[in-house]
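According to TrEMBL, the protein carries these features:
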type    : residues                       : note
BINDING : 26, 27, 28, 29, 30, 31, 32, 33 : ATP binding site
DOMAIN  : 5-289                          : domain 'UvrD-like helicase ATP-binding'
DOMAIN  : 290-565                        : domain 'UvrD-like helicase C-terminal'
Ligand SMILES: Nc1ncnc2c1ncn2[C@@H]1O[C@H](COP(=O)(O)OP(=O)(O)OP(=O)(O)O)[C@@H](O)[C@H]1O
Ligand SMILES: [Mg+2]
């Protein structure tokens, strides 16, 4: 069994234990994912049929990498394993079984945009206050209900839920949920949560289906088990009920999806569900240097709720963790870009050895800008997917409509794009007629004259076009059909005629999609190559799933949430500031704050050799510059592991040394765990306080002010005069301030001191 050589004794024991329930709860980088990979290889080598294996991973990327590795050990057998995220695996299952619960097997998957659009329409029809019932809030409520397996009927009948909704003035939520569920059903569509919710319904109501998959999936494995929600937990439990060959791996310290209903209880339940459970402990971290592991341990020790683990590394001590301070978010980007370039050339690294991790998507802007300026290639993971771009969604909406004419969101998207004279009022009338006659909007359109007064002729033409697409897709290859639809819908022409740079980009994106479909229709390793198969699960794809840029040498940018399970030689965690990380939303309860801390733990433990943390003392947020304080998480790191790099000088004179001294003292004093209490919100406008005027500051006589002069403003700091306009006494000066950018001031009121003449 030389293929098991790369495992330590505990890992090996867990791999060899192929019968019965197994749980591995272990620290970051201890080889949990590796154990799953080797376990699958071992199952196949031991004669288990690869068709009988189900592996649930956190990302499609993880599944792909695992499959490659297994393929390496076991050859093409690896292809038959069902392996992927919960959503993609159960979408696949529902494609076969959906008819049993009343859905078409070619059901559409509504992405978040589609779901929101359905809800928006419902809220409008019900004339509800869009502040009280904001679309995001309502969608979260419905999502939470589904993930706890509460259907709309149960939602409406549950006294506790109803009492809560009424007391918050949102008594209509139950009705909205009902209407939403019915709209999706009528459209033959499932949203993301439905993929799990309906799978549960299917397995519960149809014992014969459950039995079929219990027989099929004789061996189950779940990675990142700490982040499963109730709905996922129950699917796994049902499928494993007969054979009980189930192995779950996870780390309670990395549970970061509680806000989405993930439940640490699932780990504890597991012991109750399977009394003869075998538990394996892995303690050695193989990923990171000792310093990095120690820092991670010292941070997570501040959490009260955790299962005790002793994680250690036997790699070298490694560099200390560098902390960089910047004076603005843009400068932080620059510091990070400089550090990456310097490290790359000193150590002969590749761009793909670096990752930049942030708490919120919005932070990517300043990073991207700095990387672009320096010509550093990068890729944003988990951001707006290729498949989420407008032009791609438009073309895919035509495909969706072709295969499922009941798909209402696809219909709304393209019925008047490109423009064909079908206005919003007509669309509203179609929907009303559909509701009234209990038929689908597309059925209304087919017989428009019967259902709508003075129906525009273009409606008939539109219906005929979609029907002609249905014929084409039956008779032609995926690529030919897709090209036909792109051309005959008028979409390609519309984009071609737009000669702006964006228009050109959009046109190229469509070409890229068509190329992708062409490659797909020429693949030799799959049987089903129709356009319907190609686009079945596009809604589940993210931009990491596009094969094309898989091997590109780029710096990776992503939120910490999407970095789970990954590793990089060098990691930058940026934006370590109060109210950003920990986020402002998390400061009201200990459990939320602990989740933020786990998130920080996840971020730290992605790094193999070098970890750099940075923060900015001011940052643009919602269009205003605010001043920021270093995150409390920095204080929690034992100072002996840190190397402070405060070499970046403030642009204007300030309390630089004071701040440094204060911060170093803090790092010494506060390295021990301290109670997590929410501080008052400290965000203040920098305009109100940032600049400390020079000691000898006094407003000058500005009557002789000239363009090009250097000035100091009492509050805005140092700047240079760009233009002077108007006549005395109402002269307006436009001044570029180093800290806050350009501003126009009325001179007679401006508190300015002239510090030097024209350069
Ligand atoms: N026994 C071992 N010998 C050498 N390298 C190992 C061993 N076990 C794990 N590794 C390596 O350590 C790194 C971390 O392993 P892996 O990703 O499986 O950990 P994990 O526990 O899943 O981490 P995370 O909690 O971040 O998901 C990987 O690069 C893996 O190849
Ligand atoms: Mg892992």
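Cβ atoms are placed via backbone N, Cα and C, with glycine included.
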For residue 29 (ATP binding site), what is the tally of other C-beta atoms lying within 10 angstroms of its C-beta? 25
Centre the Cβ atoms of 26, 27, 28, 29, 30, 31, 32, 33, go out 8 Å, and tell me which other residues of that chain have a Cβ in range of the ATP site. 251, 282, 285, 286, 287
Could you tell me the mean pLDDT the prediction assigns to the domain 'UvrD-like helicase C-terminal' (290-565)? 90
Which of 30, 33, the listed binding-site residues, has fewest other Cβ atoms within 10 Å: 33
Quick one: give me the count of other CB atoms within 10 A of the CB of residue 32 (ATP binding site). 26
Among 27, 31, which are binding-site residues, the residue with the most C-beta atoms within 10 angstroms of its C-beta: 27
C-beta crowding around residue 26 (ATP binding site), within 10 angstroms: 27
Using CB under 6 Å from any atom of ligand 2, narrow the binding-site residues 26, 27, 28, 31, 32, 33 to the ones that qualify. 32, 33
Under 8 Å by Cβ from residue 28 (ATP binding site), same chain, sequence gap 6 or more: 251, 253, 254, 285, 287, 296, 311, 601, 602, 605
